[in-house]
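To start, the structure itself, in structure tokens.
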Amino acid sequence: MDIHKEKIIILDFGSQTTQLIARRVREMKVYSEIHPFSLPLEKLKELNPTGIILSGGPCSVYDDDAPHSDAGLFELGVPVFGICYGAQLMIQQLGGSVEKAEKREFGKAEIQILNDSDLFAGLDVARSHQVWMSHGDRVEVIPDQFEVSAESAHSPYAALRHRSKPFVAVQFHPEVVHSIIGTDLLRNFVFGLCKCQATWTMQGFIESNVAAIKEKVGDAHVICALSGGVDSSVVAAMIHKAIGSQLTCVYVNNGLMRIGESEGIIKFFKENTDLHLIDVDASDYFLGKLEGVTDPEVKRQHIGLGFIKIFEEEAHKIDGDVKFLAQGTLYPDVVESVSFRGAAPIKSHHNVGCLPDIMKLSLIEPLRELFKDEVRELGVELGLPDEAVHRQPFPGPGLSIRIMGEVTPERLDIVRRADVIVLDEMKKHGYYNKVWQSFAVLLPIQTVGVMGDFRTYEHVVALRVVDSRDAMTADWSRVPYDILGDISTRIINEVRGVNRVVYDISSKPPATIEWE
């Protein structure tokens, strides 16, 4: 079974929720990919999409430098779904007009369904439905052959459809949870208009990728960067299933791990798997490279290049022809490393964009198409223990990006001790598995405090706890005050050098989950 035979292509115009669109489609067991809006029409044809979604974006379609996709996509004979900016672009390119709205719409809004065909098939037309609006422009004139499917108080054309072609458009964002009927609309597009089959499954993914890995590797050997996290553990299990003893896993202690983590990872894999595992202590090397470095991008690049250097060194020590390096790059890593205009990354990832041109090993990235929750699902399908599959994410650059500013032994010690307390209290109160991620961040400032009868001027630790489904978006977790209080009290009392603890209540977007 070809799990990629049917695919929904999403053209990205810069929306903060474009990845959510892809994820919602994947949840329906249909494959989806994100590409920049500037994807040439010939390339789009080669992808052979079953359907196309035009994402939202921050621009206005009438601006001189507004991003425009090739209007030829409407001649490909496949269904097209325009969302917010994508809807306005569709209307403009097909003969309608868009102008600045007299009243902008941001946040929750109510729409009334006027036509229950296509997107709104099966929905109750007798009542209004909550959706999420985010726009300052609106459609003024609709093209010939288009008709209104839904309206809101300030958007008479909240949803539109072509009378004879499979083109639909909405002014709101069906991909976000605040649009109560959003999933229904996407499902109607994917299965109703596009006639997709639900062929994107993890069992199918395993079968397809095991065969691909065998063919690519042949008789050569693979070295796998094993960190102990969910991603690298699943990578190791997948490749081991494909080539068995041709795989050697290397765990590198970069000196930036949490207390007892390196020892625990090595013990876990040696006791629970039959992977061939080599452990390398490179603490001094990495800490030396980070000395005096404060820029988070430079930190990530030093760490990424350092890992490659060590893996190449270890590859020379292994019996057999080592030609490949396996690592746990995920789809959000790839998407976030390039903006919708093909430049200006949100942040570089140590797995993406930090690889030197002179690297002598070819890459194998079997998870490159997957979102985080799909990786967990894959791990379960591969038979990995719950402990490996459901642990909270930990960044590849380790604690270096949870220390704002220079990484020093003293500052590492502070954030390590604080982190232990955070995780201990979250587990003790039964909250560890209720949240996506929970950790401590050491800030580059000191504040005045009083301990006993003495004035102090010491470090500040920030707590970061978030709820998420796939790390594409996240909200700060409403952790009960008593848990936060216990964490704060313990950190201030037990971690020397800290006199203040604050709680980060930022969502993603606009913030990222990690501080660097």
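Backbone N, Cα and C define each Cβ position, glycine as well.
Residues annotated as active site, nucleophile in Swiss-Prot, with sequence analysis given as evidence: CYS84. According to Swiss-Prot, the feature active site maps to HIS173, GLU175, an assignment based on sequence analysis. As annotated by Swiss-Prot, ATP binding site applies to SER227, GLY228, GLY229, VAL230, ASP231, SER232, SER233, with the evidence given as sequence analysis. Residues annotated as domain 'Glutamine amidotransferase type-1' in Swiss-Prot, with sequence analysis given as evidence: 7-199. For 200-391, the entry in Swiss-Prot reads domain 'GMPS ATP-PPase', with the evidence type sequence analysis.
Mean model confidence of the domain 'GMPS ATP-PPase' (200-391) amounts to 87 (pLDDT, 0 to 100 scale).
Note on SER232 (ATP binding site): other Cβ atoms within 10 Å of its Cβ, all shown chains, come to 23. Reported as a whole number, the C-alpha separation between GLY229 (ATP binding site) and GLU175 (active site) equals 29 Å. Annotated ATP site SER227, GLY228, GLY229, VAL230, ASP231, SER232, SER233; additional same-chain residues within 8 Å of its Cβ mean position, judged by their own Cβ, are LEU226, VAL234, VAL235, GLY328, ALA388, PHE394. Separating the Cα atoms of SER227 (ATP binding site) and GLU175 (active site) is a whole-number distance of 33 Å. Taking the Cα of GLY228 (ATP binding site) as the reference point, the closest of the active-site residues CYS84, HIS173, GLU175 is GLU175.
In this structure, the CA atom of ASP231 (ATP binding site) is 25 Å away from the CA atom of GLU175 (active site).
Under the DSSP three-state reduction, SER232 (ATP binding site) is assigned to helix.
A simple way to gauge crowding: the CB of the residue listed as 'active site, nucleophile' has 26 other CB atoms within 10 angstroms, across all the protein chains here.
The recorded positions shown are HIS173, GLU175, VAL230, SER232, SER233; of these, the one with its CA atom nearest the CA of the residue listed as 'active site, nucleophile' is HIS173.
Annotated pair HIS173 (active site) and VAL230 (ATP binding site), C-alpha to C-alpha distance, rounded: 31 Å.
In the structure as shown, the Cβ atom of ASP231 (ATP binding site) sits within 10 Å of 24 other Cβ atoms.
Shown in sequence order, THR17, LEU20, ILE21, ARG24, ILE83, GLY182, LEU186 are the residues of the chain, 6+ apart in sequence, with a C-beta less than 8 angstroms from the C-beta of GLU175 (active site).
Annotation note: GLU175 (active site) sits in a coil segment as assigned by DSSP. Cβ contacts within 10 Å of SER233 (ATP binding site), excluding its own Cβ and spanning all protein chains shown: 29. In sequence order, LYS372, VAL375, ARG376, GLY379, ALA388, VAL389, HIS390, ARG391, PRO393 make up the list of same-chain residues 6 or more apart from VAL230 (ATP binding site) whose Cβ falls under 8 Å from its Cβ.
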